Amino acid sequence: MRRKRDSYDYVIIGGGSAGSVLGARLSEDKDKNVLVLEAGRSDYFWDLFIQMPAALMFPSGNRFYDWEYQTDEEPHMGRRVDHARGKVLGGSSSINGMIYQRGNPMDYEGWAEPEGMDTWDFAHCLPYFKKLETTYGAAPYDKVRGHDGPIKLKRGPATNPLFKSFFNAGVEAGYHKTADVNGYRQEGFGPFDSQVHHGRRMSASRAYLRPALRRRNLDVETRAFVTKLIFDENNSKKVTGVTFKKNGKEHTVHANEVILSGGAFNTPQLLQLSGIGDSEFLKSKGIEPRMHLPGVGENFEDHLEVYIQHKCKQPVSLQPSLDVKRMPFIGLQWIFARKGAAASNHFEGGGFVRSNDDVDYPNLMFHFLPIAVRYDGQKAPVAHGYQVHVGPMYSNSRGSLKIKSKDPFEKPSIVFNYLSTKEDEREWIEAIRVARNILKQKAMDPFNGGEISPGPQVQTDEEILDWVRKDGETALHPSCSAKMGPASDPMAVVDPLTMKVHGMENLRVVDASAMPRTTNGNIHAPVLMLAEKAADIIRGRKPLEPQYVDYYKHGIDDEKAGAMEDDPFYQY
């Protein structure tokens, strides 16, 4: 894969989630030449660490797959936090947990509140979610889900008995079951959708970019690290191309339009390196400002999470699959049949709840796993175990990203300010207490062998917060660092109607950095939707018609609307 030209209609910087969508959609116009520049390597079909769903723990922290970012010392945690970012075609969709969650419809109603953002409400976003999905767990007549999109979604199956007990425990704790957290009712417990198809990871590159590579007007160049934007000599606001390095050599490519899709870390970094950002800050780094946009690198959001781990009394967990002696058999089973323990990401179910009555929609997310293991592969010292991942979904803590120098290869300074507000601390205390209350219900009694982490010694509010500060990890959802918003918003970077950078010509941003607020779930699906919608904007196509559908609203709809625990045909 390499470029065939020196000039293109569109140059897309980043072959990750958004870049893969854009490369495929923009090249549908046969009269337009498209180049995708990816700094990482190719996502080879034979690479087990990418393609095998259960191998998801191996790429993180591995320099061949992961850019290995770290925050600065977080001021309210007293330590640095590792951030894995995909160093491969497909970006982080090639190394993530493969969980597909749209977020709550109310997230997008919040996006649409500012002036000029009305076309980003749920009704306008829904048709693009449906366009990208093939939802095998949804009925053919389901008007909320998509049925013929490039992203193939597996529902559950969550057949391990621990899942059913966990869902029932949620009901015993006063919550409800839901058939589809991406459907009418997000609130409640039930099976999750995952981007796993025929036992393989369904990354954005596999779903979008690979099938489009047969087109003559689409080129993809890997190991191409973009170092700077090129500007018109007579117009400092007009972008005309990019410079990138590959194998130690510098290359230049010209473009009618440049689209930044490097993600929430790389996009603001490249903007600042190019003189777009806070003018005084840029001057302090020896960079001549081109456009004063103080929101570049600000408004930074992420989700923090912890694992609550339990010993399992019955031999039903997947803990034995972590035994190195069993791994060869599990691997061979996957290689030859795409079946067995390696054919699932094992994040097959969980739930969303409100931790208090002050919030209108779920502010806590739970991922349940029938195994006790950390994301880095460190397993709990038990024969059998299970765990729940939990964390607040719309924290009001905000961080920032700032370049350290003019060197494009030097990683930027990153601070998320986790746990920096009283509201954030309160929600964390609620999150742990809600999770523990669910895990101690009768439905879990046959399996509950006692809490391993944090352990019974952690009880008071301060003890809980100390544990979160010590043990909390990123859920890997960085976003909003170059947010969409009207020009009247001094912190907005991207025009929501055009995806162009305010005040600049031929420069757009399409990735997680453009999100105005993070959503209450994993952010991969919202990024795909954003890119699908942006592709129509960039191509000048008529947008898909908005679709106004019902969805569950707490305090307005009946409390049990869409709930499934009383349905005798609901298998969970």
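From the backbone N, Cα and C atoms, a Cβ is placed for every residue, glycine too.
Swiss-Prot annotations:
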type	residues	note
BINDING	9-38	FAD binding site
ACT_SITE	H477	active site, proton acceptor
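What Swiss-Prot annotates, mapped onto the structure for a quick look.
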{"residue": "D9", "record": "FAD binding site", "Cβ within 10 Å": "16"}
{"residue": "I13", "record": "FAD binding site", "Cβ within 10 Å": "27"}
{"residue": "S17", "record": "FAD binding site", "Cβ within 10 Å": "32"}
{"residue": "V21", "record": "FAD binding site", "Cβ within 10 Å": "30"}
{"residue": "R25", "record": "FAD binding site", "Cβ within 10 Å": "21"}
{"residue": "D29", "record": "FAD binding site", "Cβ within 10 Å": "16"}
{"residue": "N33", "record": "FAD binding site", "Cβ within 10 Å": "22"}
{"residue": "L37", "record": "FAD binding site", "Cβ within 10 Å": "27"}
{"residue": "H477", "record": "active site, proton acceptor", "Cβ within 10 Å": "26"}
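In space, I13 is the closest of the binding-site residues D9, I13, N33 to H477 (active site, proton acceptor), judged by Cα positions.
According to DSSP, S17 (FAD binding site) sits within a helical segment.
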